[in-house]
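Colleague: Pasting the relevant annotations from Swiss-Prot:
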- 1-7: topological domain 'Cytoplasmic' (TOPO_DOM)
- 8-24: transmembrane segment (TRANSMEM)
- 25-300: topological domain 'Lumenal' (TOPO_DOM)
- 41-67, 92-93, 119-123, 183-187, 218-222: NADP(+) binding site (BINDING)
- SER170: substrate binding site (BINDING)
- TYR183: active site, proton acceptor (ACT_SITE)
- ASN207: N-linked glycosylation site (CARBOHYD)
Amino acid sequence: MAFLKKYLLTILMVFLAYYYYSANEKFRPEMLQGKKVIVTGASKGIGREIAYHLAKMGAHVVVTARSKEALQKVVARCLELGAASAHYIAGSMEDMTFAEEFVAEAGNLMGGLDMLILNHVLYNRLTFFHGEIDNVRKSMEVNFHSFVVLSVAAMPMLMQSQGSIAVVSSVAGKITYPLIAPYSASKFALDGFFSTLRSEFLVNKVNVSITLCILGLIDTETAIKATSGIYLGPASPKEECALEIIKGTALRQDEMYYVGSRWVPYLLGNPGRKIMEFLSAAEYNWDNVLSNEKLYGRWA
């Protein structure tokens, strides 16, 4: 667009001002009251704590994981804590058909959807990579492909509610760590896909926020067991982590960080990347792209 280049500096200044202003907006628990929320990977750990926080805030919650028995306990506790409603649907995110059907069923149970929190994860044993392609494939299926499938299935409802997606990721999706190549690859993929999708939403005026949640080591049973005797860094509390995920998503932040050091967000939250992405978008002929819906497609 010609006007974009003509007023590039002005637009960039407004963009940066909005970016920093939004980061200072205050969270209020009542933001979640009555909201309809899906939480994946919710039978234990961070996902379970997210469900409990949402319940205390008066949200409608549908949780999923593989363990039916564990989910039943989570739902019972959510109702005790004050959830407007709570349901579970058990299944595996290795099954893409289940992932797609789960979203539709959850939407029917709640009568819509305001927030999709993608928290499930497949951990691999910490080891050097020696060509175990099956580990890479499984990591990408569960930690990346299923996130995309769930998001696509949820989009009609989220567009109607102008809702939000939380993509729970890791510092290992921003920088490299030895011994976790398949896991790290899936987390880098989340950043690449969902950050690009966010920019496409902006161009297409789709009012659905995407929050990439960058986590360090959290004191979940699974994470501590996987890293015991190998990784010496501190583990942060899962209860507080879960609350920060909800806050960042409710405030529609592009990224939220919950890591052991307060300096990490400043080191990884790269403003230079934001500026470069903005400048690269100015090189597109958006008039041509947006006027040719048949060729380029659009979210309807």
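Backbone N, Cα and C atoms are what each Cβ position is placed from, and that goes for glycine too.
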Colleague: Quick one: of the recorded positions SER170, TYR183, ASN207, which has its CA closest to the CA of GLY47 (NADP(+) binding site)?
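Modeller: Considering only the listed recorded positions, the nearest one is SER170.
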Colleague: Let's check the environment of ALA59 (NADP(+) binding site): how many other CB atoms sit within 10 Å of its CB?
Modeller: 28
Colleague: Under a three-state reading of DSSP, tell me whether HIS120 (NADP(+) binding site) is helix, strand or coil.
Modeller: coil
Colleague: The residue listed as 'active site, proton acceptor' to SER170 (substrate binding site): how many Å between their Cα atoms?
Modeller: 10
Colleague: Looking only at Cβ atoms, how many others are within 10 Å of the one on GLU221 (NADP(+) binding site)?
Modeller: 10
Colleague: At a 10 Å cut-off from the C-beta of ALA65 (NADP(+) binding site), count the other C-beta atoms across all protein chains.
Modeller: 25
Colleague: State which of the following recorded positions has the fewest other Cβ atoms within 10 Å around its Cβ: SER170, ASN207.
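Modeller: Relative to the other recorded positions in SER170, ASN207, ASN207 has the fewest Cβ atoms within 10 Å.
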